[in-house]
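Asker: Features from Swiss-Prot:
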- 2-22: transmembrane segment (TRANSMEM)
- 161-190: repeat 'ANK 1' (REPEAT)
- 221-250: repeat 'ANK 2' (REPEAT)
- 446-465: region 'Disordered' (REGION)
- 456-465: compositional bias 'Acidic residues' (COMPBIAS)
- 505-538: region 'Disordered' (REGION)
Amino acid sequence: MGRKSAILAVILAIIYFRSNFSKMSNTPVQETEGPVYVAYSMEDMLKSPRDLYKSVKEVAKFVNSAEGKSMSARFKKFGTPREAMDFLAYGDAPTTPKTVPPVAPTEPNSPFSGVNRIQMNEFKKYVEKGDMENFLRLVDSNPRFLVNTGGDVASIVMEGFRYNALHIAAKAGQTEIIAKILELIQNIDFLIRLYGTGADDVTLRKINILDSYLNTPDKGNSDTPLHFASKFGKIGVVRVLTENSATDRTLLNKSGKSALDCAGERYTGEDKDMVQRDIHLAIEGFYVFLHRNPTTGSTQLTVSQKPPATYSTSPTTATVTVSAQAGPFFTEREARDFAKSWQTAGKELKRTDFDKGWERVGRVLAEQSEAMWRETWHFLGSMELLDLGSEQGLGVLEAFLREKRRGNLRNSEISEISTKKSIFRRGIHARKLDFGILDGEKSAEISENLTPDGSDSADDEDDDDIFYDTFSEIPAAAEKSINDPDDTLGSLTDRFAAISIFSPLPPPPPPQWSNSPNFDYSEGEDSFATPPTTPPPTFVADDEPCKIDNDLFEVLAQISSELISKFPLTQDYVQKLGKLTAHDRSTWRPIDSPARCDSRRKI
């Protein structure tokens, strides 16, 4: 009987261990059996049961049991039995390394506050009317009128249709406002001021801002600024927009139309056919570009419907730049014929005129072909292509000459003041006072440390702190002072009265109008007279003419007097240079000519 009981116990033990062994086996469990639940101990994973449960009810029953509560059991759901068994074997330790996502760079905080709706309505009014002065005033006070720094996109001016400033200006035909907006949002200094970061940061943002302005459709009919300009027949705006390589000319609105398809739809003028022709030419026309390497002087002509995607905007950092552009032409064949003529014509002129030979030849060919012509002028400080035969191009030149004139006047005034202040430019042998006379040391010593030309052999940097004895201006007094020094109090008082800072100038003669009965003596020494002055001559490079002046004059001389009269400084420049003969102007050397540089050094 005992033997039977032992055999029975062994059989039961084998059955029990086989059952538990199947649960602990590493044999893969069918994935179709999930999801499953497991109960585990929060305190010790080794004490966790290795049972898998099919439902929440089953696992919750164990967790709430006395055994589960004793081990502080919790349950967890898994998608497959394999995941559950891995958890029981390894706990929460990851089986594969997790990749840490890169930390996004912190967005800079603009030093400018946001623009409210009332301010934006005022801005919208100036854009619509083309009020450049007030437009620039607002943008200068807060660049966020133009840029939404939150997403590096164009600021929304009208919330309903989500118009940016280009939408509004294009619809109103404000070409100058559009050109100024595009100039500002591509200006690195403007963006650095807006974001408060560096050039590398804003260069990347500039791309997104420019694309947002040019190619963002409105919320109504999905029209871009180019759609608006084309639809309302604003040919000037169309040209400005298509000149930018970032403009996508193929975008379609909700009606499935491109900007070219919309040409003149809302235009009601009698010259509608001509306007549509010009719009077609601006959007679909072909251009001939002159590429120039300023270092080697090599040139290349290319034909394209769009300007080069990227080129340097600074003449100092340029590699290969676009120096000139002719067109647009209706067909690619016309453009290539023009390029062929440009390549073969005027070989002698191109060879002898390194700076503007190609441009001079192309300018003549463009006039003969009645094609638009634009070229760069490096002295303006940028690589922008300009048509000096247009009001926009002449406006840029006028602004440059105005600033140049101001600089010349300022330098002239500074030079005049410096000359008046400096005793050493008057040929006067003044004597530096030795203040030892106040201490009874060397009572009458006046050091004469002057060089033969009247300059002090000591440090000239401290001229502002040197006092001079102006008795030298009165020969009798000076001779008496040296031969018969007098240290009395009265003599010292007279000496101090004669002390002068800077140059020992004699008293100026009374003004001519001082005897007038209407002269106001109450102003005394605070009264100043401004004599009439002749502005110093203005040339584009410096205070002497150079070859650039002759090149510029040749272009300006072909412009109608009626147009150029709108720009007084430019008109004055042309009139003055026109008084010289062509032979005289042709002798002006290039600005970087060694002979010219050497002559300027001698001066």
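Start at 1 and count along the chain as shown; that gives each residue its number.
Just so you know, glycine gets a Cβ as well, placed from its N, Cα and C.
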Asker: Do any residues, 6 or more residues outside the repeat 'ANK 1' (161-190), come within under 8 Å Cβ-to-Cβ of it, and if so which ones?
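Answerer: Residues 123-124, 127-130, 132, 135-136, 139, 143, 146-147, 154-155, 199, 202-203, 206, 209-210, 212-214, 216, 218-220, 223, 225-226, 228-229, 232, 234, 236-237, 240-241, 244, 313, 392 contact the repeat 'ANK 1' (161-190) from elsewhere in the chain.
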Asker: Using DSSP, break the repeat 'ANK 2' (221-250) down into helix, strand and coil residues and give each count.
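Answerer: Its residues divide into 15 helix, 0 strand, 15 coil.
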Asker: What is the three-state DSSP composition of the repeat 'ANK 1' (161-190), stated as helix, strand and coil residue counts?
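Answerer: The composition, in the requested order, is 22 helix, 1 strand, 7 coil.
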